[in-house]
Amino acid sequence: MDSILCMILLILVRNHASEAARLNHPRVLLPIFEDKAINFTLEVDEPNCYKWSSSRQDLISVMPIYKGFSECAYQAVVTVRTHDRRRNTAIVFAEEVQTGETLRSDVIVDVIASLNVRTATRQLYLEEAPAMFELHAFDEQGNEFFTLEGIEFDWEILEPGSKRPTAMRYLTFTDSPYHTVPPTIEKFEADGKKGHMILLEGINTGTAKVTIAMPQAEYKHVRPVEVYISVLANIIIEPSEVTIMAGDSVSFRILQLKMDRLHVIDNNQYYLEVEDSSIAYLRGNSATGAALGRTQVFLRDRNMADSDEVQKGPSALLTVAYPNRLSISLLPHLNWVTVQGEHHAIALDLFAADGQKITMGTKYSINSEVDESFFAIVDRTRNGSRLFGQAKKEGITQVYGSYKDLSVQAELQIFEELQLAPTKVVLPYDPNSLKPLKLQFHASGGDNNYAWFSGNPQVIQIDTQGQATTEIRDVKSAYVNQEVLKDGGKLTAHTTVKVALSKNQKISRVAHIYFLPPERLQITRSNFETALKDFVHVHVGVYARINNSEVPYTSCDNLHFQLDFSQPILQLEGNEGAEAAHEACHVLRLRATAVGTTSLRVSYMYMDKVLYDIIDLYVFEPLVVLNPIENEVVLPVGSSRNIIYANGPQRSFTVAAEIIQSTAFDEKILKVSKLEFDTQNLITAFTVLCRELGETQFTYRVHNSLPTSSFALYQSEVTTKVHCVRPRFLKLYARHNLRDSCPLEKRTSLLFLKDPENKIEIEIEVHDSNNRRLMNISSLGLDWEFSAGEERYQKNIIPHRQISELEFNHGVTLPSRDLLVLTLSEVATNFRIKGTVSQYNDKLLAQHGIHAERPPFGIKNPQTGLIYTPLIENEIRLHAVNSTLLPKDYMSIFLASGYSERIPIAQGSGYLQLELSEAGIVQVEYNENTRILVLTPLRLGHVRLELTDRCLMNEPSHLSISVVGIGAIEVVSMDRLERTTRIEAIVRLFDTNDNLLLVDQSKLSAYDLSEVVADQSILSVRLGEQENVGPGEIRYTITGNQVGETKILFQSGKGIYKVASDPLNIQVFAPIRLFPRDSTLVVGSSIQVYFHGGPHPNTNMIISVEKEQVATISSTVVTAHKLGTTKIVGKCLLKNPVTGKDEVVSQDSVEVHVVALKGVQIRTPLVRIHSGAVMPATLWGLSDLSPMILGTLQNTKISWKVSQPQVVEIFNVFTTAGIEYQSGDLISVRVRALNPGKATITASVTLADGTILPPATVDLQVFKTLELVTPNAIKMDSILAAPRSILQLKSNMDNVVYKLDDRSNGIVSVTPDGLVHTKDSLGRDLIIATTADQSLPIGIEVKNVQYILVTLMPILKLRELEHKIPRGMNFVFKVSLHDNLGNELSHNIEDFNGLRYELGNKDDVDVQIDNNLTFALNLMRETNNVIGISLKDSTGVKHSMDFIKLSVVESDNLFPTKTIFSVGDIICFDSPLTLSSTWRSSNEQIVYINKHTGIAQVLSHRLKPGEKIEITNGDETKRGGFLKYDLEVRESDTILFVKSVDTFSGPEYRGQLVIRNHLQSEKYSNLIAQNVSKCARELGSVPVNFFTCRLAAKDALGRNLLKMYKVDALFEPSIGQYSCRLQLLTGFIELLSIVKTHDVYLELEAVVAKGVSDKMSLKLVPGIKVFPESVRVTDLKPHEIHISGLDKALLKVQVKPSDSKYFAVDFIEHGHGLSKYRLELFDDLPLDENFYILVVSPDTKQSIEVPIIGNTMLAPKCTDRRYGGPLVYRILENLGFVLTTTVIVIISIWVYMSCFQTQGVTQVNFEAFKKGKSRTELMQQSGRSSQDDTFGDSFNVRNFSPDRRRPPSNALSESYIYGHPRLNSSNRSENSTSFS
């Protein structure tokens, strides 16, 4: 017992101990950090009052957590305070205040030794919540630290490969919708740091490595943790199981589950892999069967490493089988009976032997046949297994299917579309009414054999004819469906009726039927009044309630309605055919039996509740027209008539009804007014007045209107037709006498009965063109004329008056008849009365404000088209009538088989006697019943027909008849038309009398016209519409079928009677199509619009812009001005000879969009390029704006910068030629890779308005080509080629045989002679070249072309740096092909690809494409253009176009700029090219040019106007760059002296003149040069042979002087003029002796080759002579100057010193013919300066300088010392000068022999040594003699030396950017100073 008690006590104690308070962690491990204190919270599980303490305050500190103001805490924060990096332990005590119980926790501090990551999974799924990863730390013993709160860690996601996308990303807890932010890392996320917990989210499938490291310096040794995490996707393969045939393919779809929905994945991340490639193989997602069998297809992820075996991807089962059976079915109902409008799919399926359906791809196809008129195919699969379509036409058709030897057939039956009416029905439910309701459902379509089904037969039954009968009895039956409504009420019953085809019951239509009890009755609509014997339709609506709203019954014919009438004037009749109004279910059809008023009450009782409604009804007499009885009015303009109506609705005084009367008519034609009168009768009258011509209906309507919704309009109306017409015929009625032979009755005889008052009443009737009598003619003016016997008509000779008789009807006036009343004393024989309707009564019309037509009663002449007033007249003969029987007296009839003319006889009695002047020409027949005269031609000729009226006493009528045929045919039409369009051709027929044939348009076949088209495939001709054609014209329509030219003619007749028109040549052209189709421009840019198609030649093409504020067009260049969109419209106009007007024969339009340039981008073909390679860099606009557009912008600044100039450099394509584009033209540049490295190219663009676009950059990497350095490699020939190219191998030896290596993979093929063909495959191959004892391996690599590069062929250079291309330049470019590394491909290929080009403006640049991938540009015009060069076949070429900016301007170094010259012109060409370039002329017989100097002379002219001579400078023969000048040479047909009158002094005279064409009115010199002085220096003597000079005189004295002068023609280079030179052959004294003091006049004439000449008059005034010609000063003694000449000239001579400070000239004396002057020298005369004496003679117009030559070797003090005789004195005096001259000559000879011994010998100019030359002439001639006589040599027999030295001054005038050519010469002397 004690043991038991002890046991119980121990258990109690144990339980108490177990329930005592405890700390949450009795042992805690915390980490140590240098600059971080780690916190950890200890907590007692019972919230009592505890005091906290620590055993080691140096290791840790304890901070209690107090709640409110209490000093008790059951929680405390332990903080690590030590930084000692070793393991220590401290104890935390928690003492309970009340009990003293102490709790302890051991806190261990230590350093972190390792890390580890804890997570629930190492796999993430796309589109799922991010996963949390938590880091844990451990000490050296593997114990885990309790907390890492507040410690920062480095988390890094590393991808296994750089090419794979990032698999996952960090996600903060704040951004995650699935997580809350943990308190321990809340501060870290705010600071953007990462702690010990993190979220990772998968964004792409793949595997990534997550590395976690500690950034603290004290823990750098801790090894980072690496965790591999895979990101997967929820993916399935569709189809999962499929059977295909061998060779066929099936496409698998990869579907990913995202947000519970499947999405198709179409990126390249996933790929499929087949398990057994012998059964099937894959290409992308398409599997192709290879052999019969079964295998699996697995899904692989490219982002997943090959070693990842985390998860086997989804798979599909693929079976390859052979077809065993073919089936056919009609989906979706699997029934071959259908109706129109149904959509079906005809399924043709193959099945394997095991019954598996075979899925077909595109390899095989099933043939099918179906009549698409029955079943319209909308779509079909490529393999033919599914035909999607719609049933279209009723009928039966067969559907066939076949596959190889398998076939199948089915019969498709299509019926009319199935329809059911009505589709929604609401019916009454009344348990007291057992009468079933019958409701007819109407079905249509199908085969009319329907199956009807009731949704609930207990409620409604339906028979086989669609008639439904309600059978509802007890709504509580279990078979009755009662539905609960929204308002809590119950639907009595609901069921459906369905109709279906009997043969295919899946094709059906459904109607819904609802049964409800009635709630309200209402008469919804009723016409409360009606006419007698007409009906009142009372529409009764009964309403039920559903969902708190009323719903009308569809039908309630089974309900019994009670009708109660107050007066029995209506009776109920059957309502068959009456359609109920809206919301009415029953119609009461009541017939009116009596006139009166009644009240009707309609009621119905339901469940002791009476539902009723009341309405008042009225009956009246029907509305009718009283007058006119025929209910039709015919009036002329301005006349009126009254119309009377009776009965109809009347005003009611018992209901609030308003009677409404209205009329409807055309107010332009009629004016209507209502007549107001007081009458007891129910009469209404209106007056209608015709305002203008036309027909209209006058409708009178009257009804009563009630302001209630149930009111139904019952309108009474009567319509009267009113004709407002022109008068056309006048009829006069009286009693007449007839012939005895007349078969007419005697009552219409012409017997006049005289009354007692001698009055004659003639009834007047005016009819319109339809012979309708006008009811009132008061607005017409009638003129009356009278004649007795044979007298002419006279007006107003007999008293007469015109009256209108009226009648009255119910007080309304109505017209009766119009009469002409005459008063005659007697009636003469043949008394005639003629009435004429000539005009309107303008006064009456003015009263009504009516303006009648002008001319009055005008009709149109069908022949002339003019409007004229017809003759409206008639006459009465009291004893004889002279009526016109025929409308004309002449007519022509066309002779043709079965052709006849029919003439109506409108006048006369109708009984005629016919007589022909000649028989056999025409046959005449007359039908008295129809009164038609029929003329049938028999042969060509002329005959006269006489017609006599058998009743009337009138003269016979005569008709002249000509029977004609077709004499000529003329065709008028346009000669050009667009393909598929039509033009009209007018064929004019002329008869045999050369008159236009009157063509009967209704009998065109009688003319036997036929057309003959030379080529019927080009155009077709058919007969056109024959409206609005002229006399003798037939319209045809010509349709263009295809492009081409052909001839067409029209002909008629056969044999000798055949007549044909002249052939008409017609061109059918293609439609004009503008290009480019749709363009996008920026403001300021331009583009050229061009067109294809149109007629040839197209001389009238007009291109315009719709919105000129957006863009404008000049010529064909469109320039953008404003943002927006506009259209460019091109029209081709041709004159239509038919209409005589210009017509648009073809047009097209394109859209131009003007957008803002927001930015640019740099496009380069490569971003990695090897050193030394060159590639283009081009600016493109955003988005995708071509350089072709940007290159046309004006005033745009583009700057290019390179971050590393040592890595790459930028230059433009013209740099090698000396053209450096400035910023405005750098749209495209070249990039050359220099050294390995990385560089950034930046392009900045500033627009014309100052807008700076964002800079565009591109990063380039330049790498070094991999080469073998050690050991030294043997260099082997290797070829880099493009696919589909041909190369010819050639070695240095003969008899070499080429073949492929035995291990060749077939990439290329080679012939034994070395012709290599590359194929489409890429890769490397090896060719072996073998001889008898050697072999050479030749490697060849076939690579795709990455880009093309256009390079200027460096053949020409410019002298000076240019920033634009000089106009006239011709460049040659080559196009190189490069691979993806920048290597140039071998393209010694014959027609590798061919080039094509695009130009911004095609008119400014001439492009010539060569066969060797080169092209030439001819820049003859200034332009701001861009050319794009590309390959014609760019297959496989990624960057197949290169762009070059062409900025061409007129260069200052280019001369001449004009192009028209005439014979005799000397042209000094100037070129910006270097002096080494050569000049050439295309025809040296016309223009000869020195090939070195560029000086040309025009020798002759071309006979053809406009033919050009080409002058080139450069290297044209080697296809290099060159300049070209196009010269147009014209005949010199005008010669003109500079002066017409002049004076000359006698010894010599030169008359300057100019030779030119008559159009060159502004030409004054024949030397055309930019630098005349320079050109003159280089120009030698010029032979002149195209004009001659003659001297003549009119008086005897002048004729005596002619023999003393020599006259010749010459060219003076110094002044650039041609001259006629006179040279005196005798002495001057002899000339003076003859002339003496007389005035002598001579005439100088210059004559060109064709005799055109000009003359000038010369007055001979002998000049003065000065002696000595120079004064040599040896001392200061005076000198005498003698001047001889005529006395009259000497008296006016002026002699002046050049400087009066140092010497003076004094007059001494004047004798006969001689004047003397003294020269006085002053002592201070400087002898080292130049002085002269100036002699001026005004009469002879001479100015002579006499130089004073001083001796500087002698000092002034020695002037009196003499050394012997004069000779010795002279020698000693000039000894210094002689010695100096000798030394200079010797040195010059030595230099010449040393440096210029290879040069030609300079010709001596002997003109310099002739006597009688003035100083000025000597200087000029000496200057000319020092020049190269190159031009003279050019035209003389002497040979021209090409190495002739130019003068130094000329060389110095040039500047070169490539160095002086002579300085660069190899034989130049090092010490030469010629160019210094």
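Note: Cβ is positioned from N, Cα and C throughout, glycine not excepted.
Swiss-Prot lists 1819-1829 with the feature compositional bias 'Polar residues'.
What Swiss-Prot lists as compositional bias 'Low complexity' is 1864-1876.
Annotated N-linked glycosylation site per Swiss-Prot: N39 (among others), in sequence order. Mapped onto three states, the DSSP output places N39 (N-linked glycosylation site) in strand.
Around the Cβ of N383 (N-linked glycosylation site), 18 further Cβ atoms fall within 10 Å across all displayed protein chains. Positions annotated as N-linked glycosylation site by Swiss-Prot: N383 (among others).
Taken from Swiss-Prot, the feature N-linked glycosylation site covers N547 (among others). N547 (N-linked glycosylation site) falls outside any helix or strand according to DSSP and counts as coil.
As annotated by Swiss-Prot, N-linked glycosylation site applies to N776 (among others). Annotation for N776 (N-linked glycosylation site): spatial neighbours L635, P636, S639, S640, R641, S804, P815, criterion Cβ-Cβ under 8 Å with sequence separation of six or more. In this structure, N776 (N-linked glycosylation site) belongs to neither helix nor strand by DSSP; it is coil.
Look at Swiss-Prot and you will find N882 (among others) tagged as N-linked glycosylation site, backed by sequence analysis.
Under the DSSP three-state reduction, N1412 (N-linked glycosylation site) is assigned to coil, being neither helix nor strand. Among the features that Swiss-Prot reports, N-linked glycosylation site is placed at N1412 (among others).
Sequence-distant neighbours of N1571 (N-linked glycosylation site) (same chain, six or more apart, CB under 8 Å from its CB) are C1468, D1470, listed in sequence order. The feature N-linked glycosylation site is assigned by Swiss-Prot to N1571 (among others), with sequence analysis given as support.
Summarising the annotation, Swiss-Prot assigns region 'Disordered' to 1819-1876.
Per Swiss-Prot, signal peptide is recorded for 1-20, and the stated evidence type is sequence analysis.
The topological domain 'Perinuclear space' annotation in Swiss-Prot covers 21-1775, and the record cites a curator's inference as its basis.
For 1797-1876, the entry in Swiss-Prot reads topological domain 'Cytoplasmic'.
The transmembrane segment annotation in Swiss-Prot covers 1776-1796.
Cα of N39 (N-linked glycosylation site) to Cα of N547 (N-linked glycosylation site): a distance of 70 Å. The average pLDDT computed for the topological domain 'Cytoplasmic' (1797-1876) is 35. Cα of N1412 (N-linked glycosylation site) to Cα of N383 (N-linked glycosylation site): a distance of 46 Å. Of all Cβ atoms in the shown protein chains, 14 besides its own fall within 10 Å of the Cβ of N1412 (N-linked glycosylation site).
Taking all protein chains in view, 15 other C-beta atoms sit within 10 angstroms of the C-beta of N39 (N-linked glycosylation site).
Rounded to a whole number, the C-alpha distance linking N383 (N-linked glycosylation site) with N547 (N-linked glycosylation site) is 56 angstrom. Using a 10 Å radius centred on the Cβ of N547 (N-linked glycosylation site) and all shown protein chains, the other Cβ atoms total 11. In the three-state DSSP assignment, the secondary structure recorded for N1571 (N-linked glycosylation site) is coil.
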